[in-house]
Every structure is written in C-alpha cells, then in structure tokens.
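According to TrEMBL, the features are:
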ACT_SITE  ARG282  active site
BINDING   GLN101, HIS103, GLU128, HIS263  Zn(2+) binding site
DOMAIN    2-145  domain 'Phosphomannose isomerase type I catalytic'
DOMAIN    173-244  domain 'Phosphomannose isomerase type I helical insertion'
Amino acid sequence: MELQCKALHYDWGKVGSESIVARLLHSADSRIDIDQTKPYAELWMGTHPNGPSLIIERNILLSDYLKENLDAIGPAVRKKFGVAIPFLLKILSIKKALSIQAHPNKEHAEQLHKNFPDMYKDPNHKPEIAIALTSFEALCGFRPLSEIREFLKKLPELTNILSKEAVHRVLTNQDQGDNDKILRPLFESLMTCEKASVSNSLQNLINRLEKDDASNQTFLLYSLLRRLHSDFPGDVGCWGPYFLNYIVLHPGQAIFLKPNLPHAYLSGDCVECMACSDNVIRAGLTPKHIDVPTLVDMLDYNSYGKDQLLFHPQLEDANSCIWRPPVPDFAVVKINVVGPEPYNTQIRPSPSLLIVTSGAGSACDTEPVPVRAGVVLFLKASRQLTLTPTADGHIEAYQAICNV
C-alpha cells in the first residue's frame, strides 16, 4: 500500500531542490512543485500523531487502518508494543546544525514524564540510527581525554571561563580512567557559565584564529567554529566540537545514538529511524530551553574513538544488509536490486515501511505497482514484497521494521 507522507519545513533544512526531501517528494508525485524558497527538512513515515502517513488508495490514516486490521501488526509486535508501529522512519536534509542533545533511557523517560509532563510529554525512550545518504557531518560522544586535554592547552579563551579545579583535574590527569569524575565537573562548569562570558570568549577565540596560521586554524577547527558561530552567535554549543567527536560519515555509513549519548547533526542527508518519542534534552546550538541539571546528571561521559561510534550492518543476502540496534523498537534494512532480475524481500514478523531512494521499477505484494524514488510503501507483517527494477536499472530502498 502506497503512503502519502508529511514533509516538515524547519528552518535548518536544505532549501528547494538542494534538499533530498524535496526531490523525493517531487519524484514520487510530479504534481508536487518544489518551492525554491522553502526549506525541506524532514520527511516523516509512520503513525506519529504530529505527522501521520495516509494510505493513498484507501484515503485513510495508516494508524486508523491498523486498528481495524490487527493482522497487519503481527502477534510478536502486538505482544510487545500493542496496536502500534513503535518506530518513525525519516529522511533528513540538513543545511544548518540541529541542537546538541541527548535522549533519556526508558526508565528515566518515564520518571521525567511523571515529574515534568509539560516539558517531557511522553514516557518513552528515543534511541536513533542515522544512515548517511550523502556526506554527513555530526558531533557524537565525548572525545578521548587526551584530545580534550590538548584542546584545553591551546584554548585559554575556554579555560578562562571554566572551573579552575575542573580544568586542573583534566590537565593533570587526576582520577585517571574515571571519565565521570573528570568530565562531569568540566562540562557542568561550561553549561552553568554566564551567557555573556560564553559569548565574549567565543568572539575572542574567533578574533584570534582569523589571524592565525593555517595549521593552527585546522587543529582548532576554525572553519567549523566559524560556521556554528555564524548560525548560533554566542551559543554555548559552539564549544561543543572541542568536547565531542567531530565525524563525517560517507554514504552508507551509520551511527547509533543510544540513550544519554550527546550528539548533534551538523549537515548532510540521511535516513533516520527512531523510537516514537519527543523526549529531547538539549545542550546547545539552540534558542530553546536547556534543562542543565537533567542534562549534566544523565550524560554518558565515556570517551569514544570515532571507529567506536560507527554502527555496522550485517549482510543478509546478496541484495540486503540490516542495521540491528540493541533495542526492540526498530531495525533498518538497505535493499539494492540491479535489473532485470527481481528480488523477494525477507519475510519479517513485523510491519514495515519502505522508501525507494533511487531507481525505478515495480513492487508486488498481491498486485504490482510502479515505484520510483520517493515512493513509500507499507507492508503488513509476515508478507513478502517482490521488487523488480527496470531492465537496465536498479532499485535502492530502505525498509524499517521492528527488531523482534
């Protein structure tokens, strides 16, 4: 069943035809004109109430269809999640950085929702996976202490606004091996610093670096700092790259964002899948509220190397691989079929959402339907889809399922 899905136009999205979201919308339905002045940030696929998908041929919301067709969910998913699709599949097209943020685990989310329902509006966790479609920049996880230490040595503008005791503990390698004791006081002193001090320190660093030599500019991430500061002047999150890993994913590479892991998407296009939740604790690069006590208390202060952050798929067969995170809410399959031979998708005990990201051909469950880039399909649990590319073409698609 083909779905009509909702595009969101947040101001951080790529504008007009630069956005993969816009191009997929137009490819799926040529009657949709791309507004070259409007950002196309996200495409939502699923039953989330803020952007529910519609079954085109039945003119009914997918969520309403599921209530009347329990077999579409399957017994394994119904037992775990009830009559619901517990994940949200998205395409993101990012021009300007999203906020530095982290998401609570399930138990913490329930507690936050109970105590602060106006701020944390649901009791669910929000693990996420991002799979790059183009070159994709992100901040993710705290850097190795040795890297943070080298930055502190070269950034008096930063150390001057931080707790002297916390800086000393890092520079002298006290509490060796206990990141929580080392990084928590340092990060808390940054997050509780006066806004004017943060703003002045950032401007002082930019003024110094713009006159510095190229090697020092490169080491101190001047280009990235200048870009972030241009979009978020004076924001405490502009200091983020000196604490968090700056990574660039190539197409097909992925990161899994487990609970409490600080992260930010900076630019690029990706497939994203997540548990259905809106629980976000922000840390910077945002005009929105930052819940500093909750943030400081919950963060994962472990250090990660960049290789540790890459999340690798498992090969299922010659045409598909699957990213299986350690949560039951979702997994993501990448399918690539080269014509003219058809490919039968694997039968899953879960309902699935599938978006074609490139190529063209047909898809058949009971009756064949034409597919091309941008077409989104819903497949019932325990059903198989036959994908047949055009004679000399291909079909590339991403399929989200429950990980049960």
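Cβ atoms are placed via backbone N, Cα and C, with glycine included.
Mapped onto this structure are the features recorded in TrEMBL.
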| residue | record | Cβ within 10 Å |
| --- | --- | --- |
| GLN101 | Zn(2+) binding site | 24 |
| HIS103 | Zn(2+) binding site | 26 |
| GLU128 | Zn(2+) binding site | 23 |
| HIS263 | Zn(2+) binding site | 25 |
| ARG282 | active site | 20 |
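If you measure from the Cα atom of HIS263 (Zn(2+) binding site) to that of ARG282 (active site), you get 10 Å. Across all of the domain 'Phosphomannose isomerase type I catalytic' (2-145), the predicted model scores a mean pLDDT of 96. When the CA atoms are compared, the binding-site residues lying within 10 A of ARG282 (active site) are GLN101, HIS103, out of the candidates GLN101, HIS103, GLU128. Of the chain residues outside the Zn(2+) site list GLN101, HIS103, GLU128, HIS263, ALA102, LYS126, LEU257, LEU261, PRO262, VAL280 have their Cβ within 8 Å of the site's Cβ mean position. Helix, strand and coil counts from DSSP across the domain 'Phosphomannose isomerase type I catalytic' (2-145) read 40 helix, 42 strand, 62 coil.
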